[in-house]
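Q: What follows is a single structure, and I will ask about it in a moment.
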Amino acid sequence: MKHVRHFIPSLFLSLVHICLVQANYAPYFFDNGARSTNGNMALFSLSEDTPVGTHVYTLNGTDPEGDPVTYGLAYEAGSRRYFSVDKNLGNVTLIEELDREKEDEIEVIVSISDGLSTVSEKVRILVMDANDESPEFINTPYIVQVPENTPSGSSIFKIEAVDKDTGSGGSITYFLQNIHANKFTIDRHSGVLRIKTGVTLDYEKSRTHFVVVIAKDGGGKLRGDNKVFSATTTVTVNVEDVQDTPPMFIGTPYYGYVYEDTLAGSQVLTVVALDGDRGKPNSIHYHIVNGDEGSFEIGNTTGAISVIKSPNQLKKEVYELKVQASEVSQEGEVSVYAFAMVTIRVVDLNNHPPTFYGENGPQNRFELTMYEHPPEGEILRGLKITVNDSDQGANAKFNLRLIGAGGIFRVVPQTVLNEAQVTIIVENSAAIDYEKFKVLTFKLLAIEVNTPEKFSSTADIAIRLLDTNDNVPKFSSDYYIARIPENSPGGSNVVAVTATDPDSGLWGEVKYSIYGTGADLFLIHPSTGIIYTQPWAVLDAEVNSKYNFYVKAEDTDGKYSLAEVFITVLDVNDHSPEFNENIQEKTMIIGSPVKIEAIDQDAEEPNNIVDYSIMQADPANVFDIDKSTGEIKLKSYIRSLDIIHNITKNKDCIWSLVVQAKDRGSPSFSTTAVLKIDITEETLHKGPMAAFLMQTKDNPMKALGVLAGVMGIMVLITIMISTAMFWRNKRSNKIMPVRRIIKKRQTPPSRTVRMEWLKFKRSNNAAEKFVVEDDGKSLHNENSNNNIQVAHVPPTAPLPPPPPILTPRGDSPGWQVPTVSGSLTPKFINKQLKKRGHGSAHNALVSELKMKFEKRNAAIGEPHI
């Protein structure tokens, strides 16, 4: 029965536990939809440019029983972990950088658990595109072969670029760099490269073209900003030659000479022609068309011209041969041809000076156009000069030199026999400056060397220079100093800087800009160089009166120079004087001034100099004010309160003045203040204490505190003196021996002591002094002491004395007791009197003085200020 009792409760508890376990429900996520940032991450999308560490989502769910839940994230094996979760709060954080181009979907297993049951769901997170990829050209490098006779407008190549982004960030448009100087154009959508309409290619002028192509995407958001990416590539266009150009003679004009001793069959000169199509040239054949008159012949393939007769058989001095150069194709057909004239002169005696020849025959002036500053050592190939002396042997030897070239050029060769091609070489490149010489002119001199005649000839050479961007803009000054009033409105002109670039055209155009820490309040016109203030700028000389920054002058190629600008902000009278208080109270002692002060906050003089004046006073003509210092004093005729009482019925002597403070600026500003002046008469006594009392009259508490301290010290001194005198008198009151007493009784001396009352007397220093007067009687003290105190009524004080005249005293100064009218100064007894008096008489005198002094203090009470 006992076991049954225990079994039944245990069985009941197990059944209850089973029922509880079976009643537990699993937790679940909230499904808040695709646009929500909390729930189970179903259909959640995230931009690929989301920074690592960003809180991107919050897992949110609940448990039916209300138990706390925890959250978890899991990934398939081998998958990258992009997110982490706070298991208690459900906050999901990005921990790995996203890249849509590599992985556009992320599978994540989210879970929620109440401790007993765990629910897991697999969700897909979509990675949204951001414009983070640049276009990329494919199948590079681009090299195109184009025949030179390709019609204009023809497409020659297709360029292709890809962008891995989607949407507008993945769309690509194409552009060409330097479109105006380019012979090509491109379709912005298809990337097809074409020859520009109306433009043809020419192998002989340019064999290769480099075309820079830009591929730009449509732009898109990246980390909150709209970004556009681009890429460039270069397309090399090689022009292929075709047979479209006739042959060209080189080294023209041709001159040959047949001298008296020339043998028949001798070679006179050689002409050379080349196929104008250099890519695939044809062979050249020569023959003389006319002018030879049977005296000359030419090699069919060599171009060598020979004389076939002896010189004495030649009937003319000059032969003009017309030579034809023909292109012969591989099939043997003559396609195109060209002509050149050959001049052959028959020379017999030294009767010809050296002669200069150009392309069209004898010429004494040669012109050339070239860019400035060519490299030193460069040959002036545009000058085709031939020099010839038709004589024979030594008669045909001559020297060449330049006259007036100034070391800029040199001529080669310097010694010539018969004939030579003249070459002029650059010697000093720096001197060939377009800004100094638009045209360089000098002479070429040829003079025979070994002939008595010294025949010579000259040719003028003119070189027209073309400008290059070889100069840097230069300011008219290294620094500019300007001044501007502080009240100038925004946009006011400050100073104009000027820089010049001697180059011509666009190279000589100068653009201005400013920079530096002091340039924030200023702008500069890019063309005129006028520096002006920002439209919103407010200048204040009191805050900052000095600015400096740099101005830059730059040409179109980026060459620049700098100058420094110093700007001073001029003070303008924009502050009015200010009193510290608009209503002031001051105490004036007759004979002493009071001062009022105003401050002007302007930075410079005279704007901050203040002048004072009295605007209003009733009655007038009582006060004067110092214009510069603001000191106010009474008119010179007012020397006492009586005079003031005669002027006004106002007995309290408190006057109000309206004082104006006015600065010296233009326009001038002013401020007024009301000054209440309490006029008092000068104290009777002058001294440190009196001066202090007057100074503290406007602050009575301070005066009372100081006077209470002085009185306390005096009381302490009095107690100390009284104590000392008590002990001294106590020692003097001892009973004398009987024999002495008897002696005194037998001959009692008269021990009357002359006492003097304290009495006010006028003196030179205007202080009331203690003086001793004889009262004619004294009480008899048989023991010769002074312990008997007699009360005497102190005399009444006399009328106040006139103002004192301070004179230095020769004797020792006495102590002073402050009173209403001044101080009480004891008059010390003459030392001789002290010597005559007996000790007891002296004690009696001191005791009497002490008593009268204490009674007087009790009678007059506390001083009043």
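A Cβ is built for glycine as well, from the same backbone N, Cα and C atoms used for every other residue.
In case it helps, TrEMBL gives these features for our protein:
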type     : residues : note
DOMAIN   : 44-137   : domain 'Cadherin'
DOMAIN   : 138-249  : domain 'Cadherin'
DOMAIN   : 250-356  : domain 'Cadherin'
DOMAIN   : 362-475  : domain 'Cadherin'
DOMAIN   : 476-579  : domain 'Cadherin'
DOMAIN   : 581-690  : domain 'Cadherin'
SIGNAL   : 1-23     : signal peptide
TRANSMEM : 703-727  : transmembrane segment
Q: Under DSSP, the domain 'Cadherin' (44-137) has how many residues in helix, strand and coil?
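A: Within the domain 'Cadherin' (44-137) the tally stands at 0 helix, 44 strand, 50 coil.
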Q: Just to be sure I understand, if DSSP states are collapsed into helix, strand and coil, how many residues of the domain 'Cadherin' (138-249) fall in each?
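A: Summed over the domain 'Cadherin' (138-249), the classes give 4 helix, 53 strand, 55 coil.
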Q: Which numbers of helix, strand and coil residues does DSSP report for the domain 'Cadherin' (581-690)?
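A: Helix (H, G, I), strand (E, B), coil: 10 helix, 47 strand, 53 coil.
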Q: Helix, strand, coil residue numbers for the domain 'Cadherin' (250-356) per DSSP?
A: 3 helix, 56 strand, 48 coil
